[in-house]
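Participant: Okay, here's the structure, questions in a sec.
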Amino acid sequence: MASSNSLVSSSAQVKMGSGLNRSHSQGSFSKSSGGGGGGAVMSASPASPIYPNTLSSIRETGIIDKLMPTFGFIICCERNESIFFHFSQYSGNSSDLRAGDEIEFEVGTDSRTNKLIARRLVKLPAGTVSFESISEERLLGKVDCEPRVVSGGSGASGEGGGKGGRSSKAYADPGMGRIIYERSGEFFFIPYAFTDVNDERDIHKGDEVSFYMAKNKRSGALRARLVRLVQPATVETVQGIVKTLKDSFGFIERADVERDIFFHYSELSQGAESEMAMGACVEFVIQSRQGKEVATQIKVLPSDSVQFDSVAEELFQGAVRTPVIRSFTHGRGKELEPQPGELVYQSEGDGITNLPYAHNDQGMIAALRDGFGFIRCAERDMRLFFHFNEVIDTEHKLTQHDEVEFTVQNDYTNERLHAVRVKILTPGSVQFEEVSERVFSGSVEDELPGECGRNKPNILKIQADGDRGTIHYLDSSGEPQVVSYYWASEALQFGDQVEFRVVTRSYDKLVTAVDIKVIQKSKDIRFRGFVATLKDSYGFIESEEHDCELFFPFSSCNKFCDPRELEVMDEVEYCIVRKSNRLAADEIKKLPRGTITTEQVQPGVREGNVLRPMKSSEDPQDYEGLIKPLSNGTTPNSTHNGSPLPPQLPYTATSLIDHRIVLQEGDPVQFQVGLAVDGGGMRAVNIVSRHAFLRGNVESIKGQGQYGFISYHNEGGPGSVFFHMNSLTGGCDPGDLRPGDEVEFLISVSHKTQKTSAIHVKKLSASVRPDRLIRRTSMPNNLTSTVIIRQPKGPDGTKGFSQQ
């Protein structure tokens with residue numbers, strides 16, 4: 001620690017050089033043989049008999065680290081280096097040198113390599129050399145963290161002399177303990193190991209201790225040495241209930257916190273071992289062993305002595321702020337533990353108070369094995385392991401389907417959830433799902449997939465994202481709701497009217513419909529409407545309420561009518577089915593005209609502009625178009641009964657007199673107001689387009705006379721537009737139309753494709769040569785000359801015509 005290093009950097013704060021040095025080989029402190037300063041550099045060493053002139057030289061100490069045939073290396077005590085030496089620098093017999101010998105030497109420089117070398121080596125007695133300098137005074141502190149044994153035992157190894165002192169790794173070892181002490185108003189941490197304790201009594205967290213501060217000469221790291229107990233920490237007893245018993249150990253459920261604590265039988269007080277049993281009330285002291293809390297000094301208390309909760313007599317009212325998380329995602333290697341909920345209530349004097357709350361889980365025994373079993377949880381999507389010794393009622397003989405209540409805990413061996421403190425409940429206590437008492441009515445919206453199995457599934461095993469259908473219904477408050485269903489006793493189709501009950505699954509609140517009974521099949525529910533559009537093999541029906549249109553293929557008419565007999569505005573009856581995820585009309589039956597009651601048409605013709613064309617809104621539910629009425633001063637802004645005219649009136653396909661017209665935004669129209677018989681609303685009817693007709697010439701006819709193109713001129717210049725033969729009017733037969741014929745027409749734009757086409761095409765005059773076959777050139781006096789650029793050819797290839 002930087003702060004600790006700065007603490008001893010000054011000789012005024014920590015006095016070094018007392019001559020106390022730690023020997024690794026002896027495991028105790030002794031006076032240095034030098035007798036002088038034990039600081040960073042040793043000086044004034046005794047004179048060597050071989051080198052009598054060394055008193056004035058600076059000498060250092062170290063330990064031989066490695067020996068080769070003629071040289072070796074020394075680990076220095078005062079510097080973090082390993083220095084080379086040659087056997088010639090040793091005055092004695094070099095064969096007597098061994099790795100680990102303590103040496104005194106001078107430091108010189110090799111003239112060739114400019115590296116440090118050791119000279120004038122003198123062998124010292126064992127225990128002379130120390131890698132640490134020790135403070136003269138003992139310091140006081142408090143144990144903040146106890147040391148623990150780690151793999152390799154590095155946390156218990158000292159760092160004084162010998163090979164153990166070559167690095168400072170042990171000072172930062174995770175197995176080291178830690179003492180906190182105060183100096184000049186600041187607090188510092190210093191590490192220590194098991195070997196640094198010099199007391200027969202055990203030292204635990206919170207104990208007050210004394211120690212010497214040791215500084216590593218090479219790295220500067222600090223460490224506590226000769227740690228002794230001064231004052232044990234105040235012992236606080238905790239109560240709990242024995243939850244698990246094994247061969248020589250067990251676990252106690254603590255009453256003060258939601259946590260279990262380990263204990264060994266050796267910690268039981270005298271006579272307590274015979275009284276230990278599952279559910280026994282105990283009192284104990286918490287101590288830290290190997291970095292983990294354990295229960296010690298365990299005493300058995302009378303039955304029912306331990307109270308986990310102290311219930312107040314006063315009854316409070318509050319609100320749930322956070323609900324209890326009962327279900328969670330579990331899978332391979334990762335599990336989300338349940339979380340307690342939180343209540344908010346008003347307390348006297350304290351204002352708003354937040355209070356956590358939780359509850360025990362319930363379930364049913366799903367399987368039994370030799371000594372253990374599995375519980376199907378009612379509020380979790382899982383099965384939990386439990387051991388037979390976790391059952392509180394030891395006299396009860398466990399059977400499958402027993403209903404139980406239990407606590408969920410983490411297993412200390414594999415960190416998986418398991419059930420503990422299992423309590424047997426009376427049959428009928430556990431509810432895996434909640435079934436509504438009320439029977440609801442609704443209609444099928446989505447059908448089950450055809451490949452879905454017909455076997456009734458277990459509601460506990462239903463996957464929320466699996467194959468399912470949906471039913472629309474009104475809940476108890478009249479609000480529209482949608483509920484899923486995963487099985488029915490008979491095949492359900494779109495529109496079927498059904499009765500059912502609602503089931504809510506406990507562990508994830510999945511809501512599903514069960515006990516479904518068909519009241520009326522969709523094919524028995526008939527609707528009425530008007531034929532709005534007819535194509536080659538299909539058409540569209542507008543509903544009686546004029547709020548939507550339904551597609552129908554001609555094949556759906558075969559049962560009751562011939563599709564060739566259908567005309568636009570025919571009144572029909574039909575049922576609704578879903579085909580290819582699309583609603584369609586089926587079993588169409590033609591009705592006599594006048595069967596469906598139409599609007600009351602108000603007298604007077606009004607003018608207006610198209611505000612929004614039909615089926616042009618981004619919302620697919622907006623089928624209707626809108627017309628904005630114009631005030632011309634002659635037509636009142638109200639109906640004959642005095643009802644005010646709205647600023648915009650809806651219109652549909654059945655509102656048009658000419659159903660081939662496609663009105664565009666801004667088109668001028670004339671219309672009348674239709675008032676619903678039941679007084680529900682108004683809409684525009686008998687609409688006539690006031691758009692001006694364009695003139696042009698037939699440019700070409702394609703597709704074996706089925707369609708063609710018309711060339712015309714408008715404000716933007718010449719153009720060409722597509723037309724279909726079924727858009728001809730005025731009694732013109734498609735066979736009579738030729739390229740070059742002059743026609744008048746209206747332009748229509750498709751709302752879906754935005755493509756233009758000509759409608760109401762009417763032939764006006766005989767053929768004239770198309771513009772593309774003639775060429776106009778400028779002539780004097782503003783005359784125009786027409787020149788034929790392609791002469792006709794005869795059968796023999798000659799140009800022009802010959803006289804017969």
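Glycine too: its Cβ is placed from the backbone N, Cα and C atoms.
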Participant: Tell me which of 17-41, 142-166 corresponds to the region 'Disordered' entry in TrEMBL.
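Facilitator: Of 17-41, 142-166, TrEMBL gives region 'Disordered' for 17-41.
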Participant: For the domain 'CSD' (59-123), jot down how many residues DSSP puts in helix, in strand and in coil.
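Facilitator: Its residues divide into 6 helix, 37 strand, 22 coil.
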Participant: What is the number of residues in the domain 'CSD' (360-424) that are helix, strand and coil, as DSSP sees it?
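Facilitator: Reading the DSSP string over the domain 'CSD' (360-424) gives 3 helix, 36 strand, 26 coil.
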Participant: Is the count of Cβ pairs under 8 Å between the domain 'CSD' (237-300) and the domain 'CSD' (59-123), pairs 6 or more apart in sequence, 3 or more?
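Facilitator: Result for the domain 'CSD' (237-300) with the domain 'CSD' (59-123) is no.
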Participant: Please spell out the DSSP helix, strand and coil residue counts for the domain 'CSD' (693-763).
Facilitator: 9 helix, 43 strand, 19 coil
